[in-house]
Amino acid sequence: MSMILTAVLVLLGLALIFGAILGYAAIRFKVEGDPIVDQINELLPQTQCGQCGHPGCKPYAEGIANGEPINKCPPGGESTIQALADLLDVEVLPLDAEHGEEKPKMVAYIREAECIGCTKCIQACPVDAILGAAKQMHTVITDECTGCDLCVEPCPVDCIDMLPLPTTPQNWKWDFPLPGPAVIATDAQRGAA
């Protein structure tokens, strides 16, 4: 029994020593990110579509921080360009048509009866929104799909369609301005007093 206890104590001691070393190294050698890059990245739509010419939103955020134009993101559209211009205090530019045009939010839909299970769409999806296995039909997790359209081209049987995002209570937007807060009689009397 004493050999087992000795082995456990030795392993516990080694774990504590290596844990302390790793904790110190994590603090000592921590790489600080550029805060402006993080702020820009938060404004981008995180579709990871590559339409801007970068492999994802974070590299594009780094490019913008280094002086690239802010108008290369079709999924973000005019609202993202406006937010970036406000953050960086630069002129608002129209969306660069060379990188695409602003479209309503779309999601991929796989016609499962036609799917051959080749997994090419799974490999192309930058956010892992496609579920399936080799030789099995695939499906798209609509809550995860960013509508980047990267899964459509590699499909050998052309069974993937891009459809407008279905309207649900979570994404429904009221088109008209909302009325201001209603003033009730007791509020009006307090204001007059």
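Including glycine, each Cβ sits where the backbone N, Cα and C put it.
Among the candidates Cys125, Cys159, the residue that TrEMBL names alongside Cys145, Cys148, Cys151 for the [4Fe-4S] cluster 3 site is Cys125.
Around Cys125 ([4Fe-4S] cluster 3 binding site), the same-chain residues at least 6 positions away in sequence with a Cβ under 8 Å from its Cβ are Leu150, Cys151.
If you compare Cα positions, Cys73 ([4Fe-4S] cluster 1 binding site) sits closest to Cys148 out of the binding-site residues Cys121, Cys145, Cys148, Cys155.
Considering only the binding-site residues Cys49, Cys52, Cys118, Cys151, the Cβ with the fewest other Cβ atoms within 10 Å is that of Cys118.
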